[in-house]
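Take a look at the structure below.
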Amino acid sequence: MQRVYAFEDGDGTNKKLLGGKGAGLCTMTKIGLPVPQGFVITTEMCKQFIANGNKMPEGLMEEVKKNMQLVEKKSGKVFGGEENPLLVSVRSGAAMSMPGMMDTILNLGLNDKTVVALAKLTNNERFAYDSYRRFVSLFGKIALNVDDEVYDKTLENKKVEKGVKLDTELDANDMKELAQVFIKKTEEFTKQPFPVDPYAQLEFAICAVFRSWMGKRAVDYRREFKITPEQADGTAVSVVSMVYGNMGNDSATGVCFTRDPGTGENMFFGEYLKNAQGEDVVAGIRTPQIISKMAEDADLPGCYEQLLDIRKKLEGYFHEVQDFEFTIERKKLYMLQTRNGKMNATATVRTGVDMVEEGLITKEQAIMRIAPQSVDQLLHKNMPANYAEAPLVKGLPASPGAATGAVVFDADDAVEQAKGKKVLLLREETKPEDIHGFFVAEGILTCRGGKTSHAAVVARGMGKPCVSGAEGIKVDVAKKIAKIGSLEVHEGDILTIDGSTGCVYKGEVPLEEPQVGSGYFGTILKWANEIKKIGVFANADLPSAAKKALEFGAEGIGLCRTERMFNAVERLPIVVKMILSNTLEERKKYLNELMPLQKQDFIGLLKTMNGLPVTVRLLDPPLHEFLPTLEELMREIFEMKLSGKTEGLAEKEVVLKKVKELMEVNPMIGHRGIRLGTTNPEIYEMQIRAFLEATAEVIKEGIKTHAEIMIPNVTEVNELINLRKNVLEPVHEEVEKKYGIKVPFMYGTMVECVRAALTADKIATEASFFSFGTNDLTQGTFSYSREDSENKFIPKYVELKILPANPFEILDRPGVGEVMRIAVTKGRQTRPELLVGICGEHGGEPSSIEWCHMIGLNYVSCSSYRIPVARIAAAQAQIRHPREN
């Protein structure tokens, strides 16, 4: 097995082996772009390194040395040479892009001797020692785990001492002194000599990159974005000959996107810094210039035109938006990296539509490029169209959308405070180790850095609004204060940012809901509907929720939870009285009070849906859930007796008695659903009557209806037979007689008990449709209580890889999924036209939707805000696993 590949020998399509960065360098070499010489160490070596207890695989360094000698031969330079030294960068790169998650070391090979040679060769002492101090700080931080504050404070102190603001204002002697102080401080921190042998440095660096794969921020990023080992397993290491953007004003470094990664607009987008190294742009240490200004830059003749040509070549080859890094060394341009651009959902959607219209890709390819979970970003709120207040300050619009939150100055504080409120992370510049703060923040605001800085790239990838480079803000992290002009912003103060314009506003701004069905996203959703075979319904309990569902593209209501209608403030007291009733007559009296209220809700739903399916699930939870808890009542009664208060005491004791009567050892598999409807048929009778009368009244108004009655917790076909004969048919006859019309409806069941799935052939003799309740079906199949397991052991099981994921979030295909497949197969043996859907929370989760498509379900039902996600996921499922209907 080949373990190291020269750029000209590597297969650029094999990102799994060479990593995205290595594969990109190989591809750029292949298509004739100017790439420095170098080689890639494969991801397999990273996996072996970790499996060996973080030890270098045997013989690997010998192979690295052979490849380094080839680079020496091609370049005419010598690694560690004291006359013409070869210096390299050591870069990480996994199969999937993880901006800022992994580590890069520049200028490797420098020591006290090679730096003198570099100064002589370039006739630029300042450049040589600037490169040296950068190398020491990067190497110390990444390879030796030195706290970067050690270097940052030393550099800041030197600038203060010299009375300057920018690194570029320090002279050669300053850089010399900084390099030696950095080495001394590194040795003090590590209690060991700084490595001077270039091959020792290289081995340290390769090990550091391999180790970073299992570093906290890389693991957190993979967990947040659900990046599995199948998608990316280990990081490759690219060893690249150094080229320098910090050799003077005829040198530069930059980052570009072939299209705008924030909006998707087909315009060249990027930034560059003169007399700088690549990490300066990405780290956001200085705020760069926009790339178009290079066209007028007399120090860099022809470079902008060359970049435009490279932009065209990259998109022509990859048919994807590319994010690339370049360096210009003394007017000569080199490409250091290209990868598929990390864009927010807005840009991904627009570029997809535009590329289809440009003939670069197909509709199917455009849809497959959208990560379904990223669709949530398109539902972000925005600033009001005509907002008149002047902003406090303006930065760069780095990631679109608007966000309001309480200001925090530290990622750890963001995590802590986000547990109770919305937070906005405000930093001078962000670093990769701030990633945990990004996850919880509503938005990110930085004082330094451009649109291609770490903060901007990661925020766009997460779909978080971001304003970067707001230089009018001065932050004092120690005091947790920011100054914007004369205004002091303290931790906890509210700010609003607009990532689409770069504006920052004082206080909370009322934000507007997005428009889902129009524009580029509307086009993508239209294409998704043309492709997908599985319907997308909504879980909705009120007419207002149904209206919102239609706006998002729902094709029906797959679950109306009637118990939620009982929980309204004016209804709950009636429900409680019904439960406390001692006689059937008394119970019916209160049910009769509830009936017209439920009927009005049903009328609203049916009218809103206007002929689309409305599936009403009859009462599901046990009755005790509508009453106060035993502990609550006992405490209240104890306190009343203790204080001598007697008013209302008798009523409390009546409720306590009923709560004790209704108490169950295991209520989740107890007296609920059809069992309750069988022992207390008057409850289901009221609900059926309300729904059928609502259907009749809507029909009489000339509005189409598609009414479906769904029974929960069925385990035995006789439960359905009993309910049909003794309740459903008599009520249906009475309603048709009362209104003098036919009132059509469908009668079906939830399949949420394992026995129902295993006897689906019998149950299908009664039920004309099934709907999987996968929350309870998962509980039953695993014998896990959801409430207990999610808090106690499932996270540990996922961490230890006992389970691949939380089965209550992502459908368990081998177990729960197989039970579903059995039910579908058996049910359709009895009733070939059987309609089958899913209405558990899995109905909006992309992987689960794919499984539902694969086993032949007719529809999925999910919350309104998951409908666009489900539509995209359903189309992707059809593209991956085509079926006829």
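In case you wondered, yes, glycine gets a Cβ from its N, Cα and C as well.
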Return the residue out of Glu632, Glu636, Glu752 that Swiss-Prot annotates for the same substrate site as Arg561, Arg617, Gly773, Thr774, Asn775, Asp776.
Glu752
So among the binding-site residues Glu752, Asp776, who's got the most Cβ atoms within 10 Å?
Glu752
Can you tell which of Arg91, His454, Arg561, Arg617 has the least company, meaning the fewest other C-beta atoms within 10 angstroms of its C-beta, among these recorded positions?
Arg561
Around the substrate site formed by Arg561, Arg617, Glu752, Gly773, Thr774, Asn775, Asp776, which additional residues qualify by having Cβ within 8 Å of the site's Cβ center?
Leu559, Asp620, Pro712, Met750, Phe772, Leu777, Cys839, Gly840
If you measure from the C-alpha of Cys839 (active site, proton donor), which of the recorded positions Arg91, His454, Gly773, Thr774, Asp776 fall inside 10 Å?
Gly773, Thr774
How does the region 'Linker 1' (343-399) divide up by DSSP, counting helix, then strand, then coil residues?
27 helix, 7 strand, 23 coil
Would you mind reading off the Cα separation of Thr774 (substrate binding site) from Arg91 (ATP binding site), to the nearest angstrom?
44
CB within-chain contacts under 8 A for Asn775 (substrate binding site), separation at least 6:
Glu752, Arg786, Phe808, Gly840, Glu841, His842
I need the nearest neighbour of His454 (active site, tele-phosphohistidine intermediate) among the binding-site residues Arg91, Arg617, Gly773, Asp776, using C-alpha distances.
Arg91
Listed substrate-binding residues Arg561, Arg617, Glu752, Gly773, Thr774, Asn775, Asp776 - what's their greatest C-alpha to C-alpha distance in Å?
15
By DSSP assignment, list the helix, strand and coil residue numbers for the region 'Linker 2' (498-533), in that order.
13 helix, 6 strand, 17 coil
